[in-house]
Amino acid sequence: MSSVVVVGTQWGDEGKGKITDFLSENAEVIARYQGGNNAGHTIKFDGITYKLHLIPSGIFYKDKTCVIGNGMVVDPKALVTELAYLHERNVSTDNLRISNRAHVILPYHLKLDEVEEERKGANKIGTTKKGIGPAYMDKAARIGIRIADLLDRDAFAEKLERNLEEKNRLLEKMYETEGFKLEDILDEYYEYGQQIKKYVCDTSVVLNDALDEGRRVLFEGAQGVMLDIDQGTYPFVTSSNPVAAVSQSVLVSARPKIKHVVGVSKAYTTRVGDGPFPTELKDEIGDQIREVGREYGTTTGRPPRVGWFDSVVVRHARRVSGITDLSLNSIDVLAGIETLKICVRYRYKGEIIEEFPASLKALAECEPVYEEMPGWTEDITGAKSLSELPENARHYLERVSQLTGIPLSIFSVGPDRSQTNVLRSVYRAN
């Protein structure tokens, strides 16, 4: 059986949750491999909209195993809240598995994220203030607290006390703000651990057994390649690696098991937070796309910046993440725009460049070189195949595929699960 990775090709919010939910129907295990509750997934089916941040999108299928992998950072309070959110809607979570090696986000991570962002002032990154960066910093510094520690009260208390000495000194001396007391955190978070205890296990065993048995595993990335700490618009990035290659290194052994990588894009571009954005629209067309596309971040609620489709960005994502299949979302949002534009390359200091620059300064000075295409006015939200799309819409999809170098496998004409159309199976043998 083929196993598949789903990654975002832009700056997140491309609709990965919807596509993962759709592909979950034919998978047997769905695993998230990085990030935390800074990511937001919106899934809509049967007229109901669900919003998740930590739990994999496949949770709505009772017969699928859903995994929160060891590469994630988990806010136990947020996780317990999300579990309650699902239970209130009669969604079973008995199929959830949580890695005992995933790192824990604690109140001091949230506080440090907030005060550091405030300290940066005009140089702020635009963090979601969910404690993600500080938690990954502790992981790299080898002082992090893991889920396994959270379940052992004595081990948790010992590590928490040691960490609070350092964190309080930092908060009080550098940021001139109040620190935390051990008792403010210990009992509450230990109780959260007890509430999730039944889901906790060694998820590498779950995943390797599934792969060895030939079961279909779907690896679900969060954010997007352009927010990858190595390959994205550093430092305006997240603190982990959304790129597909990391899915194996943080979840399973190094044996090659992934057959296909699905790159999810919008038919335009959005970005939440700061940093250079070459194709950004600051006019009425941008406002129209934002409103028609209901563009507000699932996690932050912030209205994103909006721009034309940037093939330079998606080509970069294809190269660094090994993308084999393109899933293009929100095509319906572009209806009614007379002339559409696609960025095909950049102009930098009078020179044409085809590749995405590593230098943030250079990127900020890049001008997009556009190719114009005629738009369409028809309502395409009911289209079930390429042949049902207007000619101009078909040409737009074909051109995006050509410019990115990625064959189009899925296209979406609305937010509902039923508005997703498959041109070729991503679970194919080769």
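Cβ coordinates are placed from backbone N, Cα and C, and glycine is handled just like the others.
Look at Swiss-Prot and you will find Asp13 tagged as active site, proton acceptor, backed by sequence analysis. Its own atom aside, the Cβ of Asp13 (active site, proton acceptor) has 27 Cβ atoms within 10 angstroms in the protein chains shown.
Here Swiss-Prot flags His41 as active site, proton donor, drawing on sequence analysis. Residue environment of His41 (active site, proton donor) contains 25 other Cβ atoms, counted within 10 Å of its Cβ in all protein chains.
Summarising the annotation, Swiss-Prot assigns GTP binding site to 12-18, 40-42, 330-332, 412-414.
The Mg(2+) binding site annotation in Swiss-Prot covers Asp13, Gly40. In the three-state DSSP scheme, Gly40 (Mg(2+) binding site) is classed as coil. For Gly40 (Mg(2+) binding site), the count of additional Cβ atoms within 10 Å of its Cβ stands at 23 [all protein chains shown].
Taken from Swiss-Prot, the feature IMP binding site applies to Asp13, Glu14, Gly15, Lys16, Asn38, Ala39, Gly40, His41, Thr128, Arg142, Gln223, Thr238, Arg302.
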Distance [Cα-Cα, Å, rounded] between His41 (active site, proton donor) and Ser330 (GTP binding site): 15
Residue among the binding-site residues Gly12, Gly15 whose Cβ has the most other Cβ atoms within 10 Å: Gly12
Closest of Asp13, Gly15, Gly40, Thr128, Arg302 to Val413 (GTP binding site), Cα positions, recorded positions only: Gly15
Nearest-integer angstrom distance between the alpha carbons (Cα) of Gln223 (IMP binding site) and Gly40 (Mg(2+) binding site): 8
Top Cα neighbour of Lys18 (GTP binding site) in the set of binding-site residues Asn38, Gly40, Thr128, Arg302: Gly40
Glu14, Asp332 as binding-site residues, winner by CB count within 10 A: Glu14
